[in-house]
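Asker: Residues annotated as active site, proton acceptor in TrEMBL: 154, 164. TrEMBL lists 19, 25, 26, 99, 171 with the feature NAD(+) binding site.
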Ligand SMILES: NC(=O)c1ccc[n+]([C@@H]2O[C@H](COP(=O)([O-])OP(=O)(O)OC[C@H]3O[C@@H](n4cnc5c(N)ncnc54)[C@H](O)[C@@H]3O)[C@@H](O)[C@H]2O)c1
(Lines of atoms letter the chains of each structure in order from A and count residues from 1; the text may use other names and numbers.)
(Lines give C-alpha, C1' and ligand atoms only; values in the text may rest on other atoms or scores of the structure.)
Protein backbone atom coordinates (compact mmCIF):
# COMPACT_ATOMS: atom_id res chain seq x y z
CA UNK A 1 0.00 0.00 0.00
CA UNK A 2 1.43 3.44 -0.84
CA UNK A 3 2.31 5.64 2.12
CA UNK A 4 -0.66 7.69 3.16
CA UNK A 5 -0.43 11.43 2.93
CA UNK A 6 -0.35 13.20 6.29
CA UNK A 7 -1.58 16.75 6.68
CA UNK A 8 -0.27 17.57 10.14
CA UNK A 9 -3.88 17.97 11.26
CA UNK A 10 -3.12 17.01 14.85
CA UNK A 11 0.29 18.61 15.20
CA UNK A 12 0.92 19.49 18.85
CA UNK A 13 -2.21 17.70 20.08
CA UNK A 14 -2.35 15.01 22.74
CA UNK A 15 -4.94 12.32 23.11
CA UNK A 16 -5.92 8.85 24.21
CA UNK A 17 -7.44 6.13 22.02
CA UNK A 18 -9.46 3.46 23.81
CA UNK A 19 -9.98 0.16 21.98
CA UNK A 20 -7.21 -0.81 19.52
CA UNK A 21 -6.88 -4.61 19.62
CA UNK A 22 -5.21 -5.67 16.36
CA UNK A 23 -4.79 -4.42 12.77
CA UNK A 24 -8.46 -5.06 12.05
CA UNK A 25 -9.63 -2.68 14.82
CA UNK A 26 -11.06 0.68 13.86
CA UNK A 27 -9.26 2.10 16.91
CA UNK A 28 -5.96 0.72 15.61
CA UNK A 29 -6.14 2.87 12.49
CA UNK A 30 -7.36 5.89 14.44
CA UNK A 31 -4.35 5.63 16.78
CA UNK A 32 -1.93 5.12 13.89
CA UNK A 33 -3.29 8.01 11.85
CA UNK A 34 -3.44 10.31 14.87
CA UNK A 35 0.26 9.62 15.40
CA UNK A 36 0.97 10.20 11.71
CA UNK A 37 -0.99 13.45 11.83
CA UNK A 38 1.39 14.69 14.49
CA UNK A 39 -0.39 13.86 17.76
CA UNK A 40 1.23 12.42 20.84
CA UNK A 41 -1.00 9.58 21.96
CA UNK A 42 -1.65 6.97 24.63
CA UNK A 43 -3.34 3.68 23.79
CA UNK A 44 -5.73 1.91 26.13
CA UNK A 45 -7.44 -1.44 26.29
CA UNK A 46 -8.23 -4.17 28.80
CA UNK A 47 -5.08 -5.86 30.13
CA UNK A 48 -5.93 -9.13 28.33
CA UNK A 49 -5.58 -7.31 24.99
CA UNK A 50 -1.82 -7.28 25.58
CA UNK A 51 -1.85 -11.09 25.64
CA UNK A 52 -4.37 -11.82 22.90
CA UNK A 53 -4.10 -8.73 20.71
CA UNK A 54 -1.29 -6.48 19.49
CA UNK A 55 -1.61 -3.09 21.18
CA UNK A 56 2.04 -3.24 22.26
CA UNK A 57 3.09 -3.47 18.59
CA UNK A 58 0.89 -0.51 17.78
CA UNK A 59 2.32 1.49 20.68
CA UNK A 60 5.81 0.94 19.29
CA UNK A 61 4.97 2.33 15.84
CA UNK A 62 3.13 5.25 17.41
CA UNK A 63 6.27 6.80 18.85
CA UNK A 64 6.50 4.44 21.84
CA UNK A 65 3.07 5.52 22.99
CA UNK A 66 2.25 4.52 26.56
CA UNK A 67 -0.15 1.55 26.83
CA UNK A 68 -2.64 2.05 29.65
CA UNK A 69 -4.57 -1.02 30.82
CA UNK A 70 -8.17 -0.17 31.64
CA UNK A 71 -11.47 -1.98 31.85
CA UNK A 72 -13.68 0.92 30.80
CA UNK A 73 -16.65 -0.49 32.71
CA UNK A 74 -14.82 -0.11 36.05
CA UNK A 75 -14.68 3.39 37.53
CA UNK A 76 -11.33 2.99 39.34
CA UNK A 77 -9.73 1.72 36.13
CA UNK A 78 -11.07 4.67 34.16
CA UNK A 79 -9.95 7.18 36.81
CA UNK A 80 -6.48 5.62 36.87
CA UNK A 81 -6.27 5.58 33.08
CA UNK A 82 -7.12 9.27 32.81
CA UNK A 83 -4.70 10.07 35.64
CA UNK A 84 -1.91 8.11 33.95
CA UNK A 85 -2.61 9.67 30.56
CA UNK A 86 -2.45 13.15 32.09
CA UNK A 87 0.79 12.33 33.93
CA UNK A 88 2.42 10.92 30.79
CA UNK A 89 1.08 13.31 28.14
CA UNK A 90 -0.30 16.35 29.95
CA UNK A 91 -3.87 17.59 29.43
CA UNK A 92 -5.67 15.99 26.51
CA UNK A 93 -6.94 17.51 23.27
CA UNK A 94 -8.89 14.43 22.25
CA UNK A 95 -10.39 11.20 23.47
CA UNK A 96 -11.45 8.38 21.16
CA UNK A 97 -13.84 5.72 22.47
CA UNK A 98 -13.63 2.69 20.18
CA UNK A 99 -14.97 0.09 22.58
CA UNK A 100 -17.78 -2.40 22.13
CA UNK A 101 -18.68 -5.81 23.48
CA UNK A 102 -21.83 -7.87 24.09
CA UNK A 103 -21.63 -11.14 26.03
CA UNK A 104 -25.15 -11.97 24.79
CA UNK A 105 -24.00 -11.72 21.16
CA UNK A 106 -20.81 -13.61 21.91
CA UNK A 107 -22.80 -16.43 23.47
CA UNK A 108 -25.55 -16.19 20.85
CA UNK A 109 -28.39 -15.44 23.27
CA UNK A 110 -31.42 -14.28 21.29
CA UNK A 111 -32.78 -10.79 22.08
CA UNK A 112 -36.01 -12.31 23.43
CA UNK A 113 -34.04 -14.35 25.96
CA UNK A 114 -31.22 -12.04 27.06
CA UNK A 115 -29.16 -12.85 30.09
CA UNK A 116 -29.76 -9.63 32.07
CA UNK A 117 -26.38 -9.64 33.82
CA UNK A 118 -24.77 -9.77 30.39
CA UNK A 119 -27.20 -7.14 29.08
CA UNK A 120 -26.05 -4.77 31.83
CA UNK A 121 -22.44 -5.63 30.91
CA UNK A 122 -23.14 -4.75 27.26
CA UNK A 123 -24.56 -1.37 28.29
CA UNK A 124 -21.72 -0.77 30.78
CA UNK A 125 -18.90 -1.61 28.37
CA UNK A 126 -20.34 -0.23 25.14
CA UNK A 127 -22.34 2.77 26.36
CA UNK A 128 -21.89 3.91 29.95
CA UNK A 129 -18.10 3.66 29.66
CA UNK A 130 -18.19 6.79 27.48
CA UNK A 131 -19.92 8.64 30.31
CA UNK A 132 -17.34 7.36 32.80
CA UNK A 133 -14.43 8.46 30.62
CA UNK A 134 -15.79 11.97 30.00
CA UNK A 135 -16.85 12.44 33.61
CA UNK A 136 -13.47 11.28 34.92
CA UNK A 137 -11.59 13.52 32.49
CA UNK A 138 -13.64 16.54 33.63
CA UNK A 139 -13.21 15.77 37.33
CA UNK A 140 -9.46 15.40 36.92
CA UNK A 141 -9.23 18.50 34.75
CA UNK A 142 -7.60 16.38 32.07
CA UNK A 143 -9.22 18.00 29.00
CA UNK A 144 -8.02 21.15 27.28
CA UNK A 145 -10.48 23.79 26.08
CA UNK A 146 -11.51 23.01 22.49
CA UNK A 147 -10.90 19.28 22.95
CA UNK A 148 -12.72 16.75 20.77
CA UNK A 149 -14.33 13.49 21.91
CA UNK A 150 -15.34 10.87 19.36
CA UNK A 151 -17.06 7.51 19.93
CA UNK A 152 -17.88 4.83 17.37
CA UNK A 153 -21.50 3.88 16.72
CA UNK A 154 -23.64 1.84 14.33
CA UNK A 155 -26.96 2.47 12.56
CA UNK A 156 -28.64 -0.17 14.76
CA UNK A 157 -29.07 2.73 17.22
CA UNK A 158 -31.83 4.07 14.92
CA UNK A 159 -33.03 1.04 12.99
CA UNK A 160 -33.65 -2.59 13.77
CA UNK A 161 -30.87 -4.96 12.80
CA UNK A 162 -32.06 -8.32 14.07
CA UNK A 163 -28.74 -9.95 14.95
CA UNK A 164 -27.21 -6.76 16.43
CA UNK A 165 -29.42 -7.54 19.43
CA UNK A 166 -28.58 -5.68 22.66
CA UNK A 167 -25.73 -3.79 20.97
CA UNK A 168 -28.45 -1.71 19.27
CA UNK A 169 -29.62 -0.63 22.73
CA UNK A 170 -26.03 0.12 23.77
CA UNK A 171 -25.45 2.27 20.69
CA UNK A 172 -28.70 4.19 21.30
CA UNK A 173 -27.47 4.87 24.83
CA UNK A 174 -24.03 5.89 23.57
CA UNK A 175 -25.52 8.40 21.13
CA UNK A 176 -27.82 9.74 23.83
CA UNK A 177 -24.88 10.27 26.19
CA UNK A 178 -23.26 12.35 23.43
CA UNK A 179 -26.36 14.56 23.17
CA UNK A 180 -26.65 14.89 26.95
CA UNK A 181 -23.01 15.88 27.37
CA UNK A 182 -22.81 18.23 24.37
CA UNK A 183 -24.16 21.43 25.94
CA UNK A 184 -22.39 20.67 29.22
CA UNK A 185 -19.04 20.69 27.42
CA UNK A 186 -19.75 23.57 25.09
CA UNK A 187 -18.73 26.42 27.43
CA UNK A 188 -15.16 25.25 27.05
CA UNK A 189 -15.51 24.66 23.31
CA UNK A 190 -15.28 20.89 23.80
CA UNK A 191 -17.01 18.87 21.11
CA UNK A 192 -18.49 15.38 21.41
CA UNK A 193 -19.75 13.26 18.51
CA UNK A 194 -20.33 9.71 17.37
CA UNK A 195 -19.26 8.32 14.02
CA UNK A 196 -21.67 5.69 12.73
CA UNK A 197 -19.49 3.37 10.69
CA UNK A 198 -20.27 0.78 7.99
CA UNK A 199 -20.02 -2.90 8.92
CA UNK A 200 -16.29 -3.59 9.18
CA UNK A 201 -14.49 -6.91 9.55
CA UNK A 202 -13.04 -6.63 13.07
CA UNK A 203 -13.04 -8.92 16.09
CA UNK A 204 -16.18 -7.29 17.54
CA UNK A 205 -17.92 -6.98 14.14
CA UNK A 206 -17.34 -10.51 12.94
CA UNK A 207 -18.82 -11.97 16.16
CA UNK A 208 -22.31 -10.94 15.01
CA UNK A 209 -24.43 -13.71 13.50
CA UNK A 210 -24.69 -13.37 9.70
CA UNK A 211 -22.23 -10.46 9.76
CA UNK A 212 -20.92 -11.45 6.31
CA UNK A 213 -24.43 -11.08 4.88
CA UNK A 214 -25.02 -7.73 6.62
CA UNK A 215 -21.68 -6.58 5.24
CA UNK A 216 -22.61 -7.65 1.69
CA UNK A 217 -26.07 -6.09 1.87
CA UNK A 218 -24.82 -2.73 3.07
CA UNK A 219 -21.97 -2.78 0.56
CA UNK A 220 -24.49 -3.34 -2.25
CA UNK A 221 -26.88 -0.70 -0.90
CA UNK A 222 -24.41 2.09 -0.12
CA UNK A 223 -23.84 4.18 -3.27
CA UNK A 224 -20.14 4.50 -2.40
CA UNK A 225 -19.88 1.00 -0.90
CA UNK A 226 -18.89 0.18 2.68
CA UNK A 227 -16.28 2.37 4.33
CA UNK A 228 -13.15 0.62 5.57
CA UNK A 229 -11.56 0.99 9.01
CA UNK A 230 -8.79 3.07 7.42
CA UNK A 231 -11.33 5.41 5.78
CA UNK A 232 -13.12 5.71 9.11
CA UNK A 233 -9.84 6.70 10.76
CA UNK A 234 -9.28 9.37 8.12
CA UNK A 235 -12.72 10.83 8.78
CA UNK A 236 -12.10 10.77 12.53
CA UNK A 237 -8.89 12.79 11.98
CA UNK A 238 -11.00 15.69 10.73
CA UNK A 239 -13.17 15.48 13.85
CA UNK A 240 -10.17 15.52 16.15
CA UNK A 241 -8.66 18.44 14.27
CA UNK A 242 -9.43 22.17 14.51
CA UNK A 243 -11.25 21.98 11.16
CA UNK A 244 -14.48 20.88 12.85
CA UNK A 245 -14.66 23.23 15.85
CA UNK A 246 -18.40 23.80 15.55
CA UNK A 247 -19.42 20.18 15.05
CA UNK A 248 -20.88 18.74 18.23
CA UNK A 249 -23.67 16.44 19.49
CA UNK A 250 -23.88 14.78 16.08
CA UNK A 251 -24.16 11.20 15.02
CA UNK A 252 -22.18 11.36 11.79
CA UNK A 253 -22.77 8.57 9.30
CA UNK A 254 -19.61 7.29 7.69
CA UNK A 255 -21.17 4.60 5.57
CA UNK A 256 -20.87 5.35 1.85
CA UNK A 257 -24.39 6.85 1.85
CA UNK A 258 -26.06 3.68 3.16
CA UNK A 259 -28.13 5.46 5.84
CA UNK A 260 -29.87 7.68 3.27
CA UNK A 261 -30.78 4.86 0.91
CA UNK A 262 -34.08 3.01 0.83
CA UNK A 263 -32.89 0.16 -1.30
CA UNK A 264 -31.58 -0.28 -4.82
CA UNK A 265 -33.26 -1.53 -7.98
CA UNK A 266 -30.92 -4.55 -8.34
CA UNK A 267 -31.71 -5.63 -4.77
CA UNK A 268 -35.45 -5.26 -5.37
CA UNK A 269 -35.12 -7.30 -8.55
CA UNK A 270 -33.01 -9.90 -6.76
CA UNK A 271 -35.60 -10.34 -4.00
CA UNK A 272 -38.38 -10.45 -6.59
CA UNK A 273 -36.66 -13.23 -8.51
CA UNK A 274 -35.66 -15.11 -5.37
CA UNK A 275 -39.23 -15.09 -4.04
CA UNK A 276 -40.32 -17.19 -7.01
CA UNK A 277 -38.01 -19.97 -5.85
CA UNK A 278 -39.60 -21.92 -2.99
CA UNK A 279 -36.34 -23.58 -2.04
CA UNK A 280 -34.54 -20.23 -1.75
CA UNK A 281 -37.38 -18.73 0.26
CA UNK A 282 -37.16 -21.60 2.74
CA UNK A 283 -33.37 -21.40 2.90
CA UNK A 284 -33.51 -17.68 3.68
CA UNK A 285 -36.06 -18.36 6.45
CA UNK A 286 -38.63 -15.80 5.24
CA UNK A 287 -41.49 -17.58 7.00
CA UNK A 288 -39.80 -17.18 10.42
CA UNK A 289 -40.02 -13.40 10.05
CA UNK A 290 -43.58 -13.01 8.69
CA UNK A 291 -46.92 -12.94 10.52
CA UNK A 292 -49.11 -15.96 9.67
CA UNK A 293 -51.54 -13.98 7.48
CA UNK A 294 -48.79 -12.80 5.13
CA UNK A 295 -48.53 -14.96 2.04
CA UNK A 296 -45.52 -14.56 -0.15
CA UNK A 297 -47.50 -15.21 -3.31
CA UNK A 298 -44.63 -17.32 -4.56
CA UNK A 299 -44.35 -18.01 -8.22
CA UNK A 300 -46.67 -15.16 -9.26
CA UNK A 301 -45.17 -12.52 -11.52
CA UNK A 302 -48.25 -10.27 -11.50
CA UNK A 303 -48.46 -6.95 -9.57
N1 LIG B 1 -16.92 -3.56 13.19
C2 LIG B 1 -18.05 -2.99 12.83
O3 LIG B 1 -18.77 -3.47 11.95
C4 LIG B 1 -18.47 -1.70 13.50
C5 LIG B 1 -19.42 -0.88 12.87
C6 LIG B 1 -19.82 0.28 13.51
C7 LIG B 1 -19.27 0.61 14.74
N8 LIG B 1 -18.35 -0.22 15.33
C9 LIG B 1 -17.82 0.15 16.65
O10 LIG B 1 -16.45 0.43 16.54
C11 LIG B 1 -15.87 0.29 17.84
C12 LIG B 1 -14.59 -0.52 17.74
O13 LIG B 1 -14.91 -1.86 17.44
P14 LIG B 1 -14.16 -2.69 16.30
O15 LIG B 1 -15.18 -3.06 15.32
O16 LIG B 1 -12.94 -1.98 15.89
O17 LIG B 1 -13.80 -4.04 17.05
P18 LIG B 1 -12.56 -4.42 17.98
O19 LIG B 1 -12.93 -5.74 18.56
O20 LIG B 1 -11.30 -4.35 17.25
O21 LIG B 1 -12.58 -3.30 19.10
C22 LIG B 1 -13.41 -3.36 20.24
C23 LIG B 1 -12.49 -3.14 21.42
O24 LIG B 1 -13.22 -3.01 22.65
C25 LIG B 1 -12.34 -3.51 23.65
N26 LIG B 1 -13.07 -3.78 24.90
C27 LIG B 1 -13.96 -4.77 25.14
N28 LIG B 1 -14.36 -4.71 26.41
C29 LIG B 1 -13.71 -3.66 26.99
C30 LIG B 1 -13.71 -3.09 28.27
N31 LIG B 1 -14.45 -3.60 29.27
N32 LIG B 1 -12.91 -2.03 28.52
C33 LIG B 1 -12.14 -1.51 27.54
N34 LIG B 1 -12.11 -2.00 26.28
C35 LIG B 1 -12.89 -3.07 26.01
C36 LIG B 1 -11.79 -4.78 23.02
O37 LIG B 1 -10.67 -5.28 23.72
C38 LIG B 1 -11.49 -4.30 21.63
O39 LIG B 1 -10.18 -3.82 21.53
C40 LIG B 1 -16.94 -0.33 18.72
O41 LIG B 1 -17.62 0.69 19.44
C42 LIG B 1 -17.87 -0.94 17.69
O43 LIG B 1 -19.17 -1.15 18.19
C44 LIG B 1 -17.93 -1.35 14.72
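Any Cβ shown, glycine's included, is placed from N, Cα and C.
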Asker: Near ligand 1, which of the recorded positions 25, 99, 154, 171 have CB less than 6 Å from any of its atoms?
Answerer: 25, 99, 154
Asker: For residue 19 (NAD(+) binding site), which residues in the same chain are close in space, meaning a Cβ under 8 Å from its Cβ, but six or more apart along the sequence?
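Answerer: 25, 26, 27, 44, 45, 96, 97, 98, 99, 100, 152 - these are the non-local Cβ neighbours of residue 19 (NAD(+) binding site), listed in sequence order.
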Asker: Can you grab the distance from residue 164 (active site, proton acceptor) over to residue 154 (active site, proton acceptor)? Cα atoms, rounded to a whole Å.
Answerer: 10
Asker: Can you check which residues sit near residue 171 (NAD(+) binding site), meaning Cβ under 8 Å from its Cβ, same chain, 6 or more apart in sequence, and list them in order?
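Answerer: Long-range Cβ contacts: 126, 127, 153, 154, 156, 157.
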Asker: Looking only at DSSP and grouping its letters into three states, which state does residue 19 (NAD(+) binding site) belong to?
Answerer: coil
